[in-house]
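Below is the structure I would like to discuss, written out as structure tokens.
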Amino acid sequence: MKKTVLLTMFLSLGLLLQAGRALSLEIVYPADKTSVTRTDFLIIKGGNTPPLEGMTIELGGAKSDLIDVSSPEYRAAFKDFLILEPTFSPGKNLVKVEGFVAGKKVAGAVAEIFYQADPTTAVPKDFKPFVMHIPAREALCAPCHNMNPDKIEINAETAETNPCAACHRRMLDKSHVHGPAGVYRCGYCHNLDSKPAKYAVPADEAALCNGCHSDKVAAFKANKFVHGPVAAGLCLICHDSHASNNPAQMVAPINDVCLLCHENVGKNGHVTRGVSGDSHPLSGPVDPGRAGREFSCSSCHDPHGGNGPALLQRGITSRFALCQICHKK
């Protein structure tokens, strides 16, 4: 009998400890040792052990004043959550949160996160991409957000009617927006039924992109030489599938993307000319061969493929023929 009572007490204590951990102060997003590509939200769950009256946030060495989260109006709107719009610095960021009751610190949480502001920057191996749409994290948001939209809801065409827009609408605040994203056809690319995380995109991204961009497929096949990423079907190495401030929804300015792989070109110069030994510029305000565009790597090279090993534009195979497009004298 004593063994049964002791076992019951032990199990009850274990459950209480687990519940305490689940209900204590937690930095939900971005979680510790995760990487993010946007500086959009900082989501903190205050917990109920004990119910917090205020919190302070320290980011980049700057600490906030005490933020009151105790009023009935606040609790009715946000429960025990504190949601802020931070400004992360590129690279590693240390987030410190302290919880207070009656002016005394009673709880704390720390998260080290990596903000990949530039997609060409490598993320350290000890940081993993943050994944939101798993059951445990969705359960935290479900009291206020529709975390189980059906196929009709996920393809609703406006920010007011599509549940994804509640958190993700700012992804589209860019000058160049991908067509399906611009009309919130999220279900075109994202799978509602993927597991363990929902809304994954197919592993074969080229097949997904080619479903709409079939005209590009024909052009690629017509080339005798295909650029490596294209041949490997890695569209998203260069293009952002939602929106970008760069033409063609490039993840970064064209030359930055090119020089990520072709770094020797940036270091050692490119196309030596004349007796001076000067190299040809890689960029400029005006592209002589393409009206209204800046001069860049893609002024001379087709980023998808070409008829010669250098992937020259317009199907040209002779370098001198390419030069004559601009240098007609």
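Placement of Cβ uses the backbone N, Cα and C atoms for every residue, glycine included.
TrEMBL labels come from automatic prediction, so no person has curated them.
Sequence annotations record features per position, and here TrEMBL assigns domain 'Doubled CXXCH motif' to 178-217, 227-265, 296-329. Taken from TrEMBL, the feature signal peptide applies to 1-24.
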Under DSSP, the domain 'Doubled CXXCH motif' (296-329) has how many residues in helix, strand and coil?
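So the counts come to 15 helix, 4 strand, 15 coil.
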Express the predicted model's confidence over the domain 'Doubled CXXCH motif' (178-217) as a mean pLDDT, rounded to an integer.
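Result for the domain 'Doubled CXXCH motif' (178-217): average pLDDT 92.
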Using DSSP, how many residues in the domain 'Doubled CXXCH motif' (227-265) fall into helix, strand and coil?
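Counting residues by DSSP class gives 21 helix, 4 strand, 14 coil.
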For the domain 'Doubled CXXCH motif' (178-217), what does DSSP give as the number of helix, strand and coil residues?
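Counting residues by DSSP class gives 17 helix, 2 strand, 21 coil.
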